[in-house]
Every structure is written in C-alpha cells, then in structure tokens.
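This report refers to the structure that appears directly beneath it.
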Amino acid sequence: MASLRIAPLALFFFLAASVMFTVEKTEAGIPCGESCVFIPCITGAIGCSCKSKVCYRDHVIAAEAKTMDDHHLLCQSHEDCITKGTGNFCASFPEQDIKYGWCFRAESEGFMLKDHLKMSVPN
C-alpha cells in the first residue's frame, strides 16, 4: 500500500529531473525558441532579444558582437545608452570576457517616492 503512495511522488521527481537537464543543455548559444520576423520576442522577460529574425539570449548577442552597432541595446557606458535612446543605465554581464553591456531604463526608488510625496491628497 505504501508503494502506491510513493509512486506518484517518484514520477514527479523523475519528470522534474528530466526537465531540469533539458533546460540546462539548451541555455548556451541555442536560440530562445521562436522567430521574430513579424512580432517581437515573446520570451523577452527571460532575457531574449531579436537578432537576425531569431530570438537569442541577451548574453549570447553581447558575446558575439563585433561592435556596439550590432544591436541597439549594446553599450559600454551609460552615455552610450542615453545617446542611443535605449535607456539610461548600462549593465555589464557577469562574464568577464563579454566587453559590451546591455542598456535598460532604470529609475531610482527615491525619485519615484519623491514624486509620490508631492501628490496632493484630496480632502
């Protein structure tokens, strides 16, 4: 009787382990899984961007880039992001061999809190 209770748990762990090893193998330079010919990358939330009509991981795009002009979000300083108009912060990747960073828009919490406190409260 106890083996019937343990069987679903064993099946769950087997499936979880197989998914984990599948995801680990596809993380390197493999595309994120979709094309971006007509629509942007759906997997943008997990770090994918469009390059040559295929969605790739952001760190792969930065590692393979020859110049900053290869992708509109590549940067080497905050000023590059501001002049390109793609954000105001250039974040570098943890890998030391990637010489370009990635632009994104960043707002400090203190700035937003200051604006929130300026709002008038209706009586």
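Placed from the backbone N, Cα and C atoms, the Cβ positions cover glycine too.
Sequence annotations record features per position, and here Swiss-Prot assigns signal peptide to 1-28. Residues annotated as disulfide bond in Swiss-Prot, with sequence analysis given as evidence: C32-C48, C36-C50, C41-C55.
Positions of Swiss-Prot features highlighted on the structure.
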{"residue": "C32", "record": "disulfide bond", "CB count, 10 Å": "21"}
{"residue": "C36", "record": "disulfide bond", "CB count, 10 Å": "21"}
{"residue": "C41", "record": "disulfide bond", "CB count, 10 Å": "21"}
{"residue": "C48", "record": "disulfide bond", "CB count, 10 Å": "23"}
{"residue": "C50", "record": "disulfide bond", "CB count, 10 Å": "20"}
{"residue": "C55", "record": "disulfide bond", "CB count, 10 Å": "20"}
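Here C32 (disulfide bond) is compared against the disulfide-bonded residues C41, C50, C55, and the shortest C-alpha distance is to C55.
Cα of C48 (disulfide bond) to Cα of C36 (disulfide bond): a span of 11 Å.
The secondary structure of C50 (disulfide bond), as reduced to three states from DSSP, is extended strand.
Between C36 (disulfide bond) and C55 (disulfide bond), the C-alpha separation comes to 6 Å.
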